[in-house]
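Novice: Just dropping this structure here.
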Amino acid sequence: MQLLCVFCLVLLWEVGAASLSEVKLHLDIEGHASHYTIPWTELMAKVPGLSPEALWREANVTEDLASMLNRYKLIYKTSGTLGIALAEPVDIPAVSEGSMQVDASKVHPGVISGLNSPACMLSAPLEKQLFYYIGTMLPNTRPHSYVFYQLRCHLSYVALSINGDKFQYTGAMTSKFLMGTYKRVTEKGDEHVLSLVFGKTKDLPDLRGPFSYPSLTSAQSGDYSLVIVTTFVHYANFHNYFVPNLKDMFSRAVTMTAASYARYVLQKLVLLEMKGGCREPELDTETLTTMFEVSVAFFKVGHAVGETGNGCVDLRWLAKSFFELTVLKDIIGICYGATVKGMQSYGLERLAAMLMATVKMEELGHLTTEKQEYALRLATVGYPKAGVYSGLIGGATSVLLSAYNRHPLFQPLHTVMRETLFIGSHVVLRELRLNVTTQGPNLALYQLLSTALCSALEIGEVLRGLALGTESGLFSPCYLSLRFDLTRDKLLSMAPQEATLDQAAVSNAVDGFLGRLSLEREDRDAWHLPAYKCVDRLDKVLMIIPLINVTFIISSDREVRGSALYEASTTYLSSSLFLSPVIMNKCSQGAVAGEPRQIPKIQNFTRTQKSCIFCGFALLSYDEKEGLETTTYITSQEVQNSILSSNYFDFDNLHVHYLLLTTNGTVMEIAGLYEERAHVVLAIILYFIAFALGIFLVHKIVMFFL
């Protein structure tokens, strides 16, 4: 239905002054016209605060032609509209037959029975919650007041500032259009403003005379347009450091689905972060373009909901789209201190939390990958309404444990598994950031498994992804692990040495990896581990391995008040390596646990596949020169058998050592064939020396008699 409302103001002139007595309303609904005359007094009663004087001033019908011409000349006009033929995707899928229709304003327990029940949310109540705030969409300030009529309405917005308040960006949006406004205050105090408007052409706001959209539109395709609103002076100023590729910006905004577009923006933010864009944002084209794209990501979700009219929006689509927005909201908050108002539905959050309450978290890892991801997205979206006793950490840990048990040793994560674990990681991040978790053992297991997955090959794969700008650099278990030994030099030694990779890109990737770690350092802190209180100097901690009943703290000094102290004392170890088991979370009474114990060696490691005698133990490998390599947590007989039947132990490398960490706090070195091979090598060397010496003596004797 298309509704066209035209208000005609009838002015009665009395004694040289204008007064408003009535409003004539013309309605044209799908070709059927109706006319109404409403007395002004009745309209004022229905709409209190409506000022005829303000309407008169806003209309500015008495503006002379010279002023209008001057206003027109000030506003920037595009050299021409770029017409592009673009395919617009069908974003929201059709609702399956029999889906339960849920009103966002009337969510109650039992409205949906479980994850397997198809459901959708009614569009109108949902849209109302997403655009709940009332604010000024089109301000009465220049240059906007030259082009638009002032507009206050229901809206949402994304706002951030850089360099104090000297540079601001606000992306204000309704379900119909988005206006992204850049505002910069120069050192001289001059203010420059530029706005980009995106939306369906027919839904863009009305313009003041004498403006028309063709002169302001930069790009157009089918239903959508991208418009620039600024003055020639302001445009010239912004053009010094902001030269966006409007064709690419517009094409992506039109052709990508809401969820995929949000993921694209998230990937851009990670790459910006690699370059130090969070710590010291540069006012350049890339940063400013990304700001606009962040607001487009939020707009596309709200716009898609609004486009369904009085329909119903599939719950799985909502879970996926709002998960992406939640992740995006978190990273721009951490990176730029950005504020997001609106684009949040308490009804959706409540429904997601209720659905998760029907799931047995400890069994989440047994579901199909599709259901795991759906549940974890719901967990993230519903987190604000779930409460601290929801057990969501247990669900994320169950999924990670399932992935770990079937993951090949020392292999980087494959694409599907990386995506699933990325979704689950956000539940963990939420509880870590809020410091409210009641899931200590599950959280410790989650971080232990993440540490075990943070192998050299995994690190190499992530560095490759960061260097090439692919999604494999977006997430790694390393970011939530308990590894604190990853320095720049160490990461460079783990980086892939490929001819196709530019070394400068690899170096930037290493910086980006470290940037991710520093950004998440608070999240990766060990505050929730009971053994945390036994550590006096966190900067000396290299790794933490929390097993059942005992937590091993690996450090570069002896200042850990553990139950015992072991030292990895080998000839070529470039830096000290101490292992401090903290049994039953009890710190030693003294300053440290005493003199280091010698690590006993197992010469013949028993290879058994009949029972899991090593379940609950951990294996830690280290290089005498490079330090810690990786750890493996033995969770099941399958993992144990995989270790024993594979090339896990590289005993040919005499500089790599393997330590077995047990649940009673004992540390043993698995020498395997190391000592035997060393003796063989030594015997061969001695035999060669003896043989050479014999030849030499024979030569001397022969020469003596000659």
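Just so it is clear, glycine is given a Cβ too, placed from its N, Cα and C backbone atoms.
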Novice: Can you look up which of Cys120, Cys153, Cys478 is joined to Cys312 by a disulfide in Swiss-Prot?
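Specialist: In Swiss-Prot, Cys312 forms its disulfide bond with Cys120.
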Novice: Just choose from Cys478, Cys587 the cysteine that Swiss-Prot connects to Cys534 via a disulfide.
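Specialist: Within the candidate set Cys478, Cys587, Swiss-Prot assigns the bond with Cys534 to Cys587.
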Novice: Can you tell me whether DSSP puts Cys120 (disulfide bond) in helix, strand or coil?
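Specialist: Cys120 (disulfide bond) sits in a strand per DSSP.
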Novice: Around Cys615 (disulfide bond), which residues of its chain at least 6 apart sit with Cβ under 8 Å of its Cβ?
Specialist: Ile634, Thr635, Ser636, Gln637, Gln640
Novice: Give me the long-range Cβ neighbours of Cys612 (disulfide bond): same chain, 6+ apart, Cβ under 8 Å, in sequence order.
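Specialist: Same-chain residues close to Cys612 (disulfide bond) (Cβ under 8 Å, separated by 6 or more) are Ile634, Ser636, Gln637, Gln640.
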Novice: Tell me the Cβ neighbour count for Cys478 (disulfide bond), meaning other Cβ atoms within 10 Å of its Cβ, over all protein chains shown.
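Specialist: Step by step: centre on the Cβ of Cys478 (disulfide bond), count other Cβ atoms within 10 Å, giving 22.
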Novice: Please give me the CB contact count at 10 A for Cys534 (disulfide bond), counting all chains in the structure.
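Specialist: Counting Cβ neighbours of Cys534 (disulfide bond) within 10 Å gives 22.
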Novice: What's the CA-CA gap between Asn604 (N-linked glycosylation site) and Cys335 (disulfide bond) in angstrom, rounded?
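Specialist: Here the two Cα atoms are 52 Å apart.
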Novice: When the Cα of Cys278 (disulfide bond) is compared with the Cα of each of the recorded positions Cys120, Cys312, Cys478, Asn549, which one is closest?
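Specialist: Of all the candidates listed, Cys478 is nearest in space.
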